[in-house]
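Down below is the structure, laid out as structure tokens.
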Amino acid sequence: MEMIKIFDTTLRDGEQSPGASMNTEEKIKLALQLEKLGVDIIEAGFAAASPGDFEAISRISETLKESTICSLARAVPKDIESAAKALEKAKYKRIHTFIATSPIHMEYKLKMQPNEVIKRAVEAVKLARSLCEDIEFSCEDACRSDIGFLKEVALAVIEAGATTLNLPDTVGYRLPNEIGEMIKEMKTCVGDRAILSVHCHNDLGLAVSNSIAGIQNGARQLECTINGLGERAGNTALEEVVMILKTRKDIFGNLDTNIKTKEIYATSKLVADITGIRPQPNKAIVGKNAFAHESGIHQDGMLKHPETYEIMKSSDIGIPQENGLVLGKHSGRAAFKDKLVSLGFDGISQEELDSAFEKFKILCDKKKEVYDEDIRSILTDQTSKIPQIFELISLQISSDSNGVPYAAISIQKDGTNRIDAAIGNGSVDAILKTIDRISGYNGVLKDYKVEAVSEGKDALAKVVVKAEFEPNKPAFIGHGLHLDTLQATARAYIGALNSYLSMQKLM
Ligand code: KIV
Ligand code: ZN
């Protein structure tokens, strides 16, 4: 059996998706889940890009114990030194340095001659290797580079100490047979001196097919993101490539990964919750409809023999099997704990369990049916470790069809209650304006989503807001969970503000 290394870049390339920025606590939470999923290498960020990235990489480095933690670095000494410093406490670490090798990038972006690019690449790898044993080198825009030049760069950086050579399709331009041929030729050139890696973007919808073609021709590392998140149209989706290798054992019988596929669903949900970006319903593997059989003919076939229409089992990716109302107001703490374990929340503390149980009991009193999704949302909501700088104490809303909506809100900060009221064009506008008046920050709302957590008119409302609190700085995401959508809105907006404040010094 040959192992394919899974290199996840959700925290770096994925975070480059418009509006997908995460705060440090969210990054740590996701990194822990990626480790649980069995990811071999986690690219935790780009240390030199911002103090926030540096802090996230160092905190992840001191927290994780199994996966290799990686930082991206341009082929310049200050980036490489910063990557090494951020990775100092990692048990297993990797520096990933890169420079562009395509004619268009070298001429217009770098304004460098090919021989200067090779020189810079070699110096970067040598410096990185003096600071860390595990070095990945990427030829940015490899797929539009001259293959002869790629070979020259490859041999030079391997000689300088690179252990993995990544050949990205940076702009998502190539077709599977073209990537396959390139990898085959590079494999012949490099042999076993370095692991070849593919990193494909999805601009033409071919990222997954191109990555698979790379694997079929000798690549042994796959770079990908959860839910295919990433710059522009995104990157190769981890869940898709892993399930292709698992499902098509007839073709890939000699290949395996360390991914625990039963953790895929929980990881996908976590990424969607943190970023507020949900996979489209028909997205392969993790879309809401990926295992739903609507047509009568299909349902009939499924009842007679599941494999008539199903090539994978939803349980293989960890979708909870019974989706029913499983617990009620008479359920005890032990049953509740069992349910949490079955939903993947096995590592929670006693304090978190007690608090979740209390919220569950309150929900049972208010809501007729409590679903797995309700419980999952309670847990995801409360395990957010963002400091509660501002905390919602009470919210009163007045709105009628002919009047002017107004909100009266009480918020606590540093132990003191602050109360104010404002009118707005609608109830949401009134709430956000009142919070701005109380906090003294003037947020600009960039996105606002409401979703019912489960079925029924009495479903919990999950609100995700994205708000900008400073011009030209990233927007921050906040989540609110409540039976009342407007209460959830206030919590989500305050959450975004708290997230911004906790990251302010690091931006
Ligand atoms: O797409 C790309 O080329 C990259 C490199 C930095 C690896 O993300
Ligand atoms: Zn990329």
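Every residue, even glycine, has its Cβ placed from backbone N, Cα and C.
TrEMBL annotations: computationally assigned, not manually curated.
The feature Mn(2+) binding site is assigned by TrEMBL to D13, H199, H201, N235. A simple way to gauge crowding: the CB of H199 (Mn(2+) binding site) has 30 other CB atoms within 10 angstroms, across all the protein chains here.
Summarising the annotation, TrEMBL assigns domain 'Pyruvate carboxyltransferase' to 4-265.
Feature annotation from TrEMBL assigns region 'Regulatory domain' to 391-507. Confidence over the region 'Regulatory domain' (391-507), given as mean pLDDT on the 0 to 100 scale, stands at 93.
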- Among the binding-site residues D13, H199, N235, which have a Cβ atom lying under 6 Å from any atom of ligand 1? D13, H199
- Around the Cβ of D13 (Mn(2+) binding site), how many other Cβ atoms lie within 10 Å? Please give the count over every shown protein chain. 24
- Which one of these binding-site residues, H201, N235, has the sparsest Cβ neighbourhood, judged by other Cβ atoms within 10 angstroms? H201
- Note on the structure: Secondary structure split (DSSP) over the region 'Regulatory domain' (391-507) reads 35 helix, 48 strand, 34 coil
